[in-house]
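Enquirer: So that we are looking at the same thing, I have put the structure below in structure tokens.
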Amino acid sequence: MPFRESVCLSRSKALFKNSFLVIFIACLVTILNFVPCIWFTFLFVELRKDFNATAVRTGWLGSLMWTTSFALSPVSAVFEEHLGVKLVALLGTALSSVSLFVSSFVPDMIWLFITIGGLYGFSMCLLMHSSLRMFCYLFNESKNQRALSLLYAGPYLGALLGNGAIQSMFIEQGWRITLRYMSVVMSAAMPLVILFYRDRSHEQSAMSTPTPPSVNIKRNEVTKETTSSQEDASKCHKNPSFQAEDESQNESSFKRTSREDLPRNVPHIVNESGIHAKPTGTVEKEPQRLKTFIRSVDSWLIGLSITSTFAAISIYQLNIVSHYWNIGSLNANDIWLLMTVTNISDIVSRLAVAVTGGRFFCRPITFVIFIELLLALVSFLYSVMTSLYPLLVLSFMQGFCRSALVVMSFAAAVDLLSSDVADYVITLVMYGQGVGYLVGALPAGAIFDVTSSYKLAFYLVALLFVTSAGILIFLYIRSSRRRRNRKISVRKESRERQPRVSLVSYNSVTMVTRQ
């Protein structure tokens, strides 16, 4: 086996094993730190009782927590550029433990907005964004989707295992003691981050392969031979007829290239969404790439769709237990069963995405549109169902579809934009999620405070899902047209680039033959 292939094979095997170890550790760290976000729906009920707060005020606390967990992703991206992934993840784990411990001593609801809504939410943003960015460095697009699915499945697995215990602790020992236990357990994630998280520079050094001197010598010889052959070929074109024909062909090809934005003589490639992507072998300045991404209309529309989606999802993350308690026919055991079924469906959905890599026999954007419309129907049924068994079915469907949206939002955005801007897509999706949580929980709480029911809130949720699906359908049609036009232009260019026989040279050769 050649030297280069043997070295690449051995290092790829080592990276394969170490990378999946990193996935396991990242999932464990996420379980320890992100589970309190999922259990906030239990804390919602306890805080309303303890502080005699309204649903709007309590929901605003959870909304602020989820908002800072996602919407501050640009801040996390800046930190990662200067400090690295490992230090940012370590800062997030340390801050999460401290923030919950301090929250257990606060005397008023206002302080919880600072400690839980601000500090704890920001710590989760640092941890999640740095983990996603590390996966972006480690894996390609399909494997990155699987790793992301496993990462997001971790907290729901922890919630599934601890739902009964945490619900009883909130009732028997109070929310303050429960938060202190959580903070102690969360501090155990710090050594794992120090030992197993990786920075991009480490991956680049690990992927670099030494080249033996003989290979360099052969490359130089090949380069010299190629240069000399090109010079000999250029000497052959001294005939004016050849020069005239070559100039006309070069001019026509340049016009076609500039007209169709093909990657032959231009520094950028225009992808399906209109964003200039980097071709292979070229280097594009980072500020210019960011400006192009921000100015794209598709980026703004995707952000609006994600905001609408997670504004609708926020009622399930924050108010669903309150909705179950408002139904008189359900007791504490029924609510535990409903939440357990939801967590099981969450895990099933995320594992399904991890196994399939997000490929459900269609484009990711097509799958996301279908899930949006299905969730609109589920939300409408939530407003009319009040018995346990129909609610169990709705809980499973709601958890499965909601988790599929959370995980597949990244793949759908990349599908509409480009894999060359995947790092920006992570920030865009997380920011849209955070803004959605910010604006979604308040209307639901206000409706409950006025009507003592979430019926109208579920109508609003269904409308938001339909709106988001409509935006994605519009972007899907635009993307499909651009892909089709691009394929047609590439085929046309390939036909025009086929070698043609020069009429001038053919006539001259014919005359010489006849003589």
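The backbone N, Cα and C atoms fix where each Cβ goes, and this holds for glycine too.
As listed in TrEMBL for this protein:
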{"type": "DOMAIN", "residues": "19-480", "note": "domain 'Major facilitator superfamily (MFS) profile'"}
{"type": "TRANSMEM", "residues": "20-45", "note": "transmembrane segment"}
{"type": "TRANSMEM", "residues": "51-72", "note": "transmembrane segment"}
{"type": "TRANSMEM", "residues": "84-103", "note": "transmembrane segment"}
{"type": "TRANSMEM", "residues": "109-129", "note": "transmembrane segment"}
{"type": "TRANSMEM", "residues": "150-171", "note": "transmembrane segment"}
{"type": "TRANSMEM", "residues": "177-197", "note": "transmembrane segment"}
{"type": "REGION", "residues": "205-273", "note": "region 'Disordered'"}
{"type": "COMPBIAS", "residues": "253-263", "note": "compositional bias 'Basic and acidic residues'"}
{"type": "TRANSMEM", "residues": "297-315", "note": "transmembrane segment"}
{"type": "TRANSMEM", "residues": "335-353", "note": "transmembrane segment"}
{"type": "TRANSMEM", "residues": "365-385", "note": "transmembrane segment"}
{"type": "TRANSMEM", "residues": "391-414", "note": "transmembrane segment"}
{"type": "TRANSMEM", "residues": "421-444", "note": "transmembrane segment"}
{"type": "TRANSMEM", "residues": "456-477", "note": "transmembrane segment"}
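I'm curious about the neighbourhood of these features; can you describe it?
Expert: Remote same-chain residues near the transmembrane segment (20-45) are listed as 58-59, 62, 65-66, 69, 89, 92-93, 96-97, 100, 120, 123-124, 127-128, 131, 134-135, 138, 147, 150-159, 162, 166-167, 170, 175, 179, 182, 185-186, 188-189, 192-193, 195-198, 317-322, 325, 339, 343 (criterion: CB distance under 8 Å, separation of at least six residues from the stretch ends).
Away from its own ends, the transmembrane segment (51-72) comes close to residues 37, 40-41, 44, 108-109, 112-113, 116-118, 120-122, 124-125, 128, 310, 314, 317-319, 322, 430-435, 437-442, 444-446, 448-449 of its chain (Cβ-Cβ under 8 Å, at least six residues beyond either end).
If you look at the transmembrane segment (84-103), the same-chain residues 6 or more away from its ends with a CB under 8 A from one of its CBs are 29, 33, 36, 76, 111-112, 115-116, 119-120, 122-131, 133-134, 137, 179-180, 182-184, 186-187, 189-190, 193-194, 197-201.
Residues 309, 312, 323, 358, 391, 394, 397-398, 401-402, 404-405, 408-409, 412, 415-416, 454-456, 458-459, 461-463, 465-466, 468-469, 472-473, 475-476, 479 of the same chain sit 6 or more residues outside the transmembrane segment (365-385) yet have a Cβ under 8 Å from a Cβ within it.
Under 8 Å from some Cβ of the transmembrane segment (391-414) lie the Cβ atoms of residues 132, 141, 145, 148-149, 152-153, 156, 302, 306, 309, 313, 316, 324, 330, 337-339, 341-350, 352-353, 358, 364-365, 367-368, 371-372, 374-375, 378, 381-382, 385, 421-422, 425-426, 428-429, 433, 472, all in the same chain and six or more residues away from its ends.
For the transmembrane segment (456-477), the residues of the chain that approach it from at least six positions outside its boundaries are 298, 301-302, 304-306, 308-309, 311-312, 315, 319, 363, 365-366, 368-369, 372-373, 375-377, 379-380, 382-383, 412, 416, 440, 443-444, 447-448, judged by C-beta separation under 8 angstroms.
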Enquirer: Kindly say whether the transmembrane segment (150-171) and the transmembrane segment (421-444) touch, using the definition of 3 or more Cβ pairs under 8 Å where each pair is 6 or more positions apart.
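Expert: Contact criterion not met.
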Enquirer: Quick check for me: are there 3+ Cβ pairs below 8 Å between the transmembrane segment (421-444) and the transmembrane segment (177-197), leaving out pairs under 6 residues apart?
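Expert: With fewer than 3 qualifying Cβ pairs, these stretches do not touch.
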Enquirer: Roughly where does the domain 'Major facilitator superfamily (MFS) profile' (19-480) sit in mean pLDDT, to the nearest integer?
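Expert: Over the domain 'Major facilitator superfamily (MFS) profile' (19-480), the predicted model scores a mean pLDDT of 77.
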Enquirer: Below 8 angstroms Cβ to Cβ, which residues of this chain, lying six or more residues outside the transmembrane segment (297-315), approach it?
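Expert: Counting only partners 6 or more residues beyond its ends, the transmembrane segment (297-315) has Cβ contacts under 8 Å with 63, 66, 70, 273-275, 372, 375, 379, 402, 405-406, 409, 413, 416-417, 428-429, 431-437, 439-441, 444, 454, 457-458, 460-462, 464-465, 467-468, 471-472, 474-475, 478.
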